[in-house]
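Questions regarding the structure given below will be posed in turn.
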């Protein structure tokens, strides 16, 4: 028994030291911050009381972070003139990426409980799983142990997967981070909850591909509904439910919508309706529309896959930020 306790103590010291590069693991904080998950969950539950959108917003932050130089918390960095050109100002994030104060609150709570231990990048990973779980979706074992990067990549953030992308471009961008078509269709399913601005759909409603006509793949009834919500030359910042059926619940209805041409974003409907989708991504959409269990199992795995995009674990290149908005010592 004494020997086992000694081994456990040594392991805890090694985990907490950050002296060498390491592998991500579910139990990474078991010794150094055992209540990390509970602390983040408590912050999210409190935030949700006044912001029903927050769960969808947080998972989007994790997605936008991981696709740009890996899951290193770079999206969270504020700009520093001449030093850091913040990813927050890149077109895919500017005016739409949100939830940063909630990340700050989670970081503050973790620093109070176990200072200098839990990275901001890991907070995003934990917040994503908790957000999905609290919205009715699957749970998964979150791999942890990422460090925070010291740089941001504005240009990389400007090239994130876009709601205007066609299927070919989406496949290319996912392949660039070693995610396949199953990951593409699965992770797009996060659009089963949350809100989106009118400006992202007006092209489909009024001038699809420069034709001065609506997108022919858009269901006529849904198009009429959206045209009332998002009139031509109207306020482009008006919010709409990505899933008009269960907008705040994590379920398979996103795929049900694609089956009947009611995908809000062009990038969503492409997965089912694009000519090249047949035999490629459309069968995956069909499978998830038939089975929520299949979707949930795939989503859990794809979130783990995404969380493994170039995780920063080398302490000579990363750190545990004390403040998620700035590099330590700045």
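Glycine residues also receive a Cβ, built from the backbone N, Cα and C atoms like all the rest.
Sharing the record's features from TrEMBL:
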ACT_SITE  64  active site, proton acceptor
BINDING   65, 68, 70, 72, 74, 87  Ca(2+) 1 binding site
BINDING   191  heme b binding site
BINDING   192, 243, 246, 251  Ca(2+) 2 binding site
DISULFID  33-114  disulfide bond
DISULFID  66-71  disulfide bond
DISULFID  120-324  disulfide bond
DISULFID  198-230  disulfide bond
DOMAIN    23-328  domain 'Plant heme peroxidase family profile'
SIGNAL    1-21  signal peptide
SITE      60  site 'Transition state stabilizer'
List, in sequence order, the same-chain residues at least six positions removed whose CB sits under 8 Å from that of residue 243 (Ca(2+) 2 binding site)?
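191, 192, 193, 253, 254, 257 - these are the non-local Cβ neighbours of residue 243 (Ca(2+) 2 binding site), listed in sequence order.
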Fewest other CB within 10 angstroms, which one of the disulfide-bonded residues 33, 71, 120?
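Result for the disulfide-bonded residues 33, 71, 120: minimum number of other Cβ atoms within 10 Å at 33.
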Between the recorded positions 33, 72, 114, which lies closest to residue 198 (disulfide bond), Cα to Cα?
72
Identify, in sequence order, the residues in the chain of residue 114 (disulfide bond) that are 6 or more apart from it along the sequence and have a CB within less than 8 Å of its CB; answer 'none' if there are none.
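In sequence order, 29, 32, 33, 35, 36 meet the Cβ cut-off.
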Across all the protein chains here, work out how many other Cβ atoms are within 10 Å of the Cβ of residue 74 (Ca(2+) 1 binding site).
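I count 27 other Cβ atoms within 10 Å of it.
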How far is it from residue 68 (Ca(2+) 1 binding site) to residue 246 (Ca(2+) 2 binding site), counting Cα to Cα, in Å?
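About 30 Å separates the two Cα atoms.
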Cα of residue 230 (disulfide bond) to Cα of residue 246 (Ca(2+) 2 binding site): how many Å, rounded?
20
If you measure residue 70 (Ca(2+) 1 binding site) to residue 64 (active site, proton acceptor) at Cα, how many Å is it?
9
Can you tell me the CA-to-CA distance separating residue 66 (disulfide bond) and residue 72 (Ca(2+) 1 binding site), as a whole number of Å?
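Counting only the Cα atoms, the answer is 7 Å.
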Of 66, 68, 198, 230, 324, the recorded positions given in the record, which has the fewest other CB atoms within 10 A of its CB?
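Minimum Cβ neighbour count within 10 Å, taken over the recorded positions 66, 68, 198, 230, 324, occurs at 198.
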Find the one among the recorded positions 71, 120, 246, 324 whose C-alpha lies closest to that of residue 65 (Ca(2+) 1 binding site).
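With Cα distances computed to residue 65 (Ca(2+) 1 binding site), the winner among 71, 120, 246, 324 is 71.
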Of all the binding-site residues given, 72, 87, which residue's CB has the most CB neighbours within 10 A?
72
Residue 251 (Ca(2+) 2 binding site): which of the recorded positions 60, 64, 72 is the nearest Cα neighbour?
60
Compile a sequence-ordered list of residues in the same chain as residue 246 (Ca(2+) 2 binding site), six or more apart from it, whose Cβ lies below 8 A from its Cβ; state 'none' when nothing qualifies.
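The answer is 192, 193, 253.
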